[in-house]
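*Asks:* Here it is, the structure in full.
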Amino acid sequence: MSKIAAIIGGGVIGGGWAARFLLNGWDVRVFDPDPEAERKIGEVLDNARRSLPGLGNVALPDEGRLSFHAELAEAVSGADWIQESVPERLDLKQKVYAELEKYCDADAVIGSSTSGFKPSELQKGRGNGGQIVVAHPFNPVYLLPLAEVVTTAANSQQVIARAKEVISSIGMYPLHLKNEIDAHVADRFLEAVWREALWLVKDGIATTEEIDNAIRYGFGIRWAQMGLFDTYRVAGGEAGMKHFMAQFGPCLTSPWTKLMDVPEFTDELVDLIAGQSDAQSGHMSIREMERIRDDNLVGMMRALGANDWGTGALQNAHDKSLEGEAGLVSSIDDIADLSQPVLTQSRVVPLDWTDYNGHMTESRYLDAFAQSTDRLMAIIGCDAEYIASGGSYFTAETHIRHIDEVHAGHPIQIKTRVIMGAGKKMHLWHEMYEGDRLLATGEHMLLHVDLKTRRSAPPAAHIEANLVKLAAAHAALAAPDGLGRAIGAPR
Ligand SMILES: NC(=O)C1=CN([C@@H]2O[C@H](COP(=O)(O)OP(=O)(O)OC[C@H]3O[C@@H](n4cnc5c(N)ncnc54)[C@H](O)[C@@H]3O)[C@@H](O)[C@H]2O)C=CC1
Ligand SMILES: C[N+](C)(C)CC(=O)CC(=O)[O-]
């Protein structure tokens with residue numbers, strides 16, 4: 001199946017979709033009458049290239065081709081996925097759908113980024129309405145994985161399944177809503193919070209900065225990892241959700257929120273809010289703020305990945321799906337040539353791996369080598385299931401040589417040799433490269449342990465056999481330069 005996405009409307013959101021598809025290996029065609037569209041998408045892409053490839057622990061596929069088209073017909077003909085991201089005006093969107101109907105392929109899925117319109121409003125009057133679904137993303141689309149997929153009875157199961165499959169394949173989470181409603185689910189929350197915030201500023205209760213602090217220092221970061229209901233379940237203490245509801249349910253009838261209507265957007269209110277926002281953050285450009293936002297998102301999402309939780313768990317699953325294309329294996333049976341060092345890592349240096357010297361920081365070399373050791377362990381059979389049964393390896397000694405520097409966003413690969421594998425011992429040699437350039441070596445001695453006694457113990461027979469097999473195959477290679485080296489400072 002070809003992978004061609006047509007992006008109709010390449011502004012903030014269309015640019016984000018373009019980057020998400022492109023960096024996941026799709027060819028992307030953009031149609032946008034704005035003469036500045038190419039520049040703007042270029043800038044969004046710069047930010048996306050900086051942040052997305054290093055979000056996960058496995059390299060993304062090769063980037064697709066990006067092209068700009070003056071005619072809608074040219075952009076959409078032959079496209080598998082069409083993403084409409086024109087401004088939020090129903091008349092304009094309906095005009096675009098009438099045009100799309102003429103030129104798109106009959107089996108293409110058409111997703112709309114609309115924040116508020118229902119899919120039936122977009123499908124209305126269209127002979128090909130069954131091809132149209134809402135695929136509502138969140139800014140920045142290239143980093144945030146949620147896409148609300150809203151469908152109607154006009155959409156076949158095949159179209160719905162295809163929509164979910166494509167969205168998942170580019171590392172996103174399709175939240176399928178079968179019942180359409182204005183603004184879907186997530187934007188209902190955003191509007192409620194936004195409305196409260198507008199009143200609080202208008203009535204002089206809090207400034208824009210105080211409101212942002214109330215969110216980012218408190219419930220915002222909490223929501224990011226556990227959402228609303230799980231957070232409140234925990235807040236109910238040992239008695240959980242029922243206790244929480246008994247304690248705080250009555251407040252709802254007060255209610256704490258008094259300001260249910262929307263404040264009028266008078267010039268005075270717009271100036272008040274824009275003025276406070278300028279005072280708060282006017283010293284930074286929007287692009288600068290985007291990069292700060294992206295650095296923070298990547299750091300937080302990668303932290304969740306270490307816990308295999310929330311967006312991090314989703315990214316870990318996406319990484320798994322990319323392993324084959326990246327040349328990574330999880331079993332000795334899948335190694336094509338046993339005589340060569342094993343590829344144990346193919347990734348991009350993430351944003352949060354760099355330091356004040358502007359390059360990958362020393363502790364991350366060990367992090368990368370440790371991940372390669374984990375993969376080698378899995379390859380010989382010491383995988384999660386084996387570890388859960390009570391056996392594993394502990395590292396007893398490590399020697400890392402930092403040979404050349406590498407920067408965030410650059411691709412690295414690690415190749416691993418088994419120097420010795422017998423009984424309880426596993427002696428590994430990792431080499432880290434960017435292309436042909438050797439960046440670092442890692443030499444590690446590990447001991448097999450019984451996780452109950454926490455003492456060294458022989459591994460299961462199949463693990464030792466696999467280790468011996470790899471060690472024997474690698475023994476035919478010339479000894480690596482630097483093997484067994486100590487720092488060797490004169491005394
Ligand atoms: N900005 C946001 O935070 C989010 C916006 N959305 C939705 O995404 C859609 C687009 O919003 P933004 O990207 O923010 O707007 P935007 O104003 O940044 O971009 C819209 C783009 O569409 C282009 N355009 C206008 N008429 C067109 C036409 N007939 N054919 C092709 N392109 C055309 C414009 O030149 C512009 O580049 C809206 O439906 C919005 O509700 C969804 C999620 C978040
Ligand atoms: C403000 N907004 C309604 C356009 C926001 C969205 O639709 C989603 C987002 O990215 O917050």
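Each residue, glycine too, has its Cβ placed from N, Cα and C.
Among the features that TrEMBL reports, domain '3-hydroxyacyl-CoA dehydrogenase NAD binding' is placed at 6-179. Look at TrEMBL and you will find Gly9, Gly10, Gly11, Val12, Ile13, Gly14 tagged as NAD(+) binding site. As annotated by TrEMBL, domain '3-hydroxyacyl-CoA dehydrogenase C-terminal' applies to 185-250.
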*Asks:* Provide the number of Cβ atoms within 10 Å of the Cβ of Ile13 (NAD(+) binding site), excluding the reference atom itself.
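*Replies:* There are 25 such Cβ atoms around Ile13 (NAD(+) binding site).
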*Asks:* Based on DSSP, name the secondary structure state of Gly14 (NAD(+) binding site): helix, strand or coil.
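*Replies:* Going by the DSSP assignment, Gly14 (NAD(+) binding site) falls within a helical segment, counted as helix.
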*Asks:* Pick the one among the binding-site residues Gly9, Gly10, Gly11, Gly14 whose Cβ has the fewest other Cβ atoms within 10 Å in this structure.
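*Replies:* Comparing Cβ neighbours within 10 Å for the binding-site residues Gly9, Gly10, Gly11, Gly14, Gly11 has the fewest.
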*Asks:* Take the mean position of the Cβ atoms of Gly9, Gly10, Gly11, Val12, Ile13, Gly14, the recorded NAD(+) site. Which other residues of that chain put their Cβ within 8 Å of it?
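*Replies:* Counting only non-site residues, the set is Ile7, Gly15, Gly16, Trp17, Asp32, Ser85, Val86, Ser113.
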*Asks:* What number of additional C-beta atoms lies within 10 angstroms of the C-beta atom of Val12 (NAD(+) binding site)?
*Replies:* 16
*Asks:* Need one number: mean pLDDT over the domain '3-hydroxyacyl-CoA dehydrogenase C-terminal' (185-250).
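*Replies:* Its mean pLDDT is 93.
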